[in-house]
Amino acid sequence: FILIVTDGINVLSLQQIGAYDQQVWEKSLEQTDLNGLDSQPRKTGHIKSDLIDVDLVRGSTFSKAKPDRPWTALTRKGLVRVLLFPFFFKWWIQVTSKSISSWILVLYFLQVAALVLYFEVPGASASEVFGPMCLMLLLGTVHCQIVSTESSRWPPGSPVKPREVDRLRPSEGSRPASDTDDTLWEELLQGPDSASTGSSDSESNVRFNAAGMALPQTTTLSSDDESLQQGIDRVSAIIWEQGECKKADMSVLEISGIILTRVKLVEQGMGYLVLGGLMTATLALLPFAFHLAHRLDMALLGSLSLRQLGEVAVGRRDAQVYVFFFVTMVLRVGLIGLFFFMMCVAERTYKQRLLFAKYFSHITSARKAKKSEIPHFRLKKVQNIKMWLSLRSFLRRRGPQRSVDVIVSTIFLLALSISFIICAQLLHSHQTFLDSLTNWELMVWASSLILFLLRLATLGSETNCKYSNSSVLLTEQINLYLKMEKKPNKKEELNIVNNVLKLATKLMKELDIPFRLLGLTVNPLIYNITRVVILSAVSAVVSDLLGFNIRLWKIKP
């Protein structure tokens, strides 16, 4: 109610303030704008599918699912559904699986038990309890962000994209539970900002209810129809069958399907999955090793049995202490393992994106296309250039997009926060920094997160370079000049294609943006603030350790 009143006051204030400097012509134009549209006659129109939009070069022509709520509401929803996990168990089963939800439910009750034992066990470290708790909240919030996308929307006037609609419509048992299913906690989850949606274009295209999708009856052609039309346009391509060169008319969808098959045949490495397992084991056993190192005389290490080592690490023979250490270790293995598995999924997705970009760069090269067993065509016609841009846009949108970006953003923010805490701890007490178990855990976390971020940054930069490589277009321009020499009668036609290639090169350079790990870095102000804060903290630590002032934030990247 307060927000509604506040919005009303803001609107009235803006109208009153704006009315003071309005002239007669401006008021007349406003009245004409309000009344003129309704009185104008209408007729059926359509979008010309033979033209392209700037989105085709930018890569956003083929749209992906978007969240149906703002991130603040999704964060609040994730926190509540983790804190009250047993009450939302049915919802968790629908968005994950029964086995995974049951395992997380066990971890939830173990977390409650660890919290109770923490106050009963003397000498227990706070990081052993609150570390897994924060990690569980983080994982729940991230998962809630991932599963928050809208259902697939069918564009108005789509040529289906009714039998197919009925087949693809989510059934009552398979669809994720909506907020209306949890009426007990509806009031707790809903807030002033949860009524708005994260996708502004969804309101004008289609409406959803709890029962499924509603398809508006209209004959207008939407931008998604134009994307579909660009996906089914055909180009004369060369394919190799049993070593023989043959020609075939292929569409963007068919070419991308062949590339997808080639990507799936590439064997994925297990290196980062093994690294994640090692980091999980290290962080799970770190409290045990820390207590053992502080309480054990190293001269007696070889003469003690495993049971005696356990007694030394625990500190005393007490059932509660043994239960506490066992419960916290299970929690750490389960939750840290889930987090590193999530990071491995992001790494594998980025590797798959790089493979898509690699095969795309091979399309205009006869030798590489034959070696990769993918179709090949030259940019010798304007239609071929359009198909090349369409395929580029289509491949850039293949696979998980927003969900993986949420994971990478979480990794980036977590690494940023941990780095800042480490710097603050070093400034506060660098002489006793290694005497704290929490500081050791933070260093292991920071090291592992930075390794994954470096890997993701490398893969993302290579992917962006392959999609933005202008040498392909420059090579095709040289080929056009070679064709002009051989076929002078087609010089005018080839000149047009050459000019289009030049325009495509300029447009790609203008629209393509450098690879970024987090959307916040697009904003120069936020990027500079983050850079100055982190580098200032690091500069203070280095200056305190070396004895002279160093200002790292003044170094230009």
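Going from the start of the chain as shown, residues are counted 1 onward.
From the backbone N, Cα and C atoms, a Cβ is placed for every residue, glycine too.
According to TrEMBL:
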- 15-151: domain 'PHTF1/2 N-terminal' (DOMAIN)
- 78-94: transmembrane segment (TRANSMEM)
- 100-119: transmembrane segment (TRANSMEM)
- 150-182: region 'Disordered' (REGION)
- 161-172: compositional bias 'Basic and acidic residues' (COMPBIAS)
- 272-293: transmembrane segment (TRANSMEM)
- 321-346: transmembrane segment (TRANSMEM)
- 406-427: transmembrane segment (TRANSMEM)
- 442-460: transmembrane segment (TRANSMEM)
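Contact between the transmembrane segment (272-293) and the transmembrane segment (442-460) holds: at least three of their C-beta pairs are under 8 Å, each pair 6 or more apart in sequence. Between the transmembrane segment (100-119) and the stretches 78-94, 321-346, 406-427, 442-460, the greatest number of Cβ pairs separated by less than 8 Å involves 321-346. Taken together, the residues in the domain 'PHTF1/2 N-terminal' (15-151) have a mean pLDDT of 80 on the 0 to 100 scale.
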